[in-house]
């Protein structure tokens, strides 16, 4: 038990400090922007300090643990803790949110509310990754839905209200299943209800009940991840949202579903996970092919990038379904890797849109010469997305491949078939990535457009791009930087899983 409440401060600080934005003097938007960036930087430094000096990498147990009784009648505790599974996504959240606030610099309309909503999302996302109580996990899971809805409906494109409504219907609909499952697990088999994750993990449930719980939780995570066929909100949301919101969606929000799948479904419901994992493997494989095949047909380049996110999340699902330490480590590496790459692609898509005012690829062409910096960064991140060796995407997908091949759960022929289909998906990725680059940056089309605002990337935009590009290269060259965070915890999860599923 931690004596100093590091995690409570880390979770509460963004939203509480963000509340005082409304009391700042109305002297333009610069004060609000700098205040928000300072909060994000301070939060990131605080998180990094706490994890560097108070987190032991070789300890698979929960660390920095805090437990405060909150609502007695429900046995509801403010229970927080960090382990190897959650430290990576938590640091990713801090990094991407800080850069997203810098990316949101051009936002001038209602900037106080805009920046407050971004900070509220920050608290909700870190709270989700560090919760050790099922009800607290659900509250934090829901906390970031309202900010996304408002950010989308107030600062989105022409169809923003349609996209925002679709987003809230899908995510709130999925959360109903989460809400039903949480008290069900808490109340089952005990005179005193408990929502503690550790206590729930040590319980055993009847097979039929475990399958019902698993399926309910899975629907909630399938919407958020997203997993087909519950993915259709994502292209519409990305197509209309402001690019700083897209960075948070692609970089962090989608990863919460995959995290919940391991944290709740695999750790708490191992028998059901053993039954569902072959189906997860099939769904993940179909998802890679389906999204990679659908992406080239999207005329809107933001929707094309959104479908690439759906395809890449298929690798994460397959890694989780492989039930091997290599597959799970690959899934976590893919979560971190795609968090950087997805956020960068949407940021660059947004900066391109700011300049040319076009989203349809058939109207674009020839912007490489007037905007060489944007072209260079867009090309670099597209290469990372198609898993070029030396970049983070390559190693993440390679580790997932080896995870399937070394899995003892599946027979040889299904493993060969799945790896073959995954390989086809990896071949399809360059097709939509490179064709998007060709349509946007090559040719002469836009040279004929009069009064075009052709200004290349400024220092702020270049800084954001380089800040994301460095970890993409760093992880590609030295993936142990990320794998060392989770390897001990993954071993512990698998040993507990195998012990419980065969007992």
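Cβ atoms are placed via backbone N, Cα and C, with glycine included.
Taken from Swiss-Prot as is:
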- 4-24: transmembrane segment (TRANSMEM)
- 37-57: transmembrane segment (TRANSMEM)
- 87-107: transmembrane segment (TRANSMEM)
- 134-154: transmembrane segment (TRANSMEM)
- 208-228: transmembrane segment (TRANSMEM)
- 242-262: transmembrane segment (TRANSMEM)
- 272-292: transmembrane segment (TRANSMEM)
- 305-325: transmembrane segment (TRANSMEM)
- 330-350: transmembrane segment (TRANSMEM)
- 386-406: transmembrane segment (TRANSMEM)
- 416-436: transmembrane segment (TRANSMEM)
- 462-482: transmembrane segment (TRANSMEM)
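The transmembrane segment (386-406) shares the most Cβ pairs under 8 Å with 305-325, out of the stretches 4-24, 208-228, 305-325. Tertiary neighbourhood of the transmembrane segment (272-292): same-chain residues 207, 210-211, 213-215, 218, 227-228, 231, 265-266, 307-308, 310-311, 313-318, 320-323, 404, 409-410, 414, 418, 421-422, 424-425, 428-429, 431-432, 497, 501, selected by CB-CB distance under 8 Å and a gap of 6+ residues from either end. Below 8 angstroms of C-beta separation, residues 281, 285, 288-289, 292-293, 295-296, 301, 304-305, 307-308, 311, 314-315, 318, 361, 382-383, 385-387, 397, 400-401, 404-405, 410 of the same chain, each at least six residues beyond the ends of the transmembrane segment (416-436), sit close to that stretch. Within the same chain, residues 88, 95, 99, 102-103, 332-333, 336-337, 340-341, 343-344, 347-348, 373, 377, 380-381, 384, 389-396, 399 sit at least 6 positions outside the transmembrane segment (462-482) and bring their C-beta atoms closer than 8 Å to a C-beta of that stretch. Under 8 Å from some Cβ of the transmembrane segment (87-107) lie the Cβ atoms of residues 29, 33, 36-37, 40-41, 43-44, 47-48, 51, 55, 114-115, 118, 121-122, 125-126, 129-130, 155, 242-245, 247-248, 251-252, 255-256, 259, 332, 335-336, 339-340, 343, 347, 350, 354, 460-461, 463-464, 467-468, 471, 482, 485-486, all in the same chain and six or more residues away from its ends.
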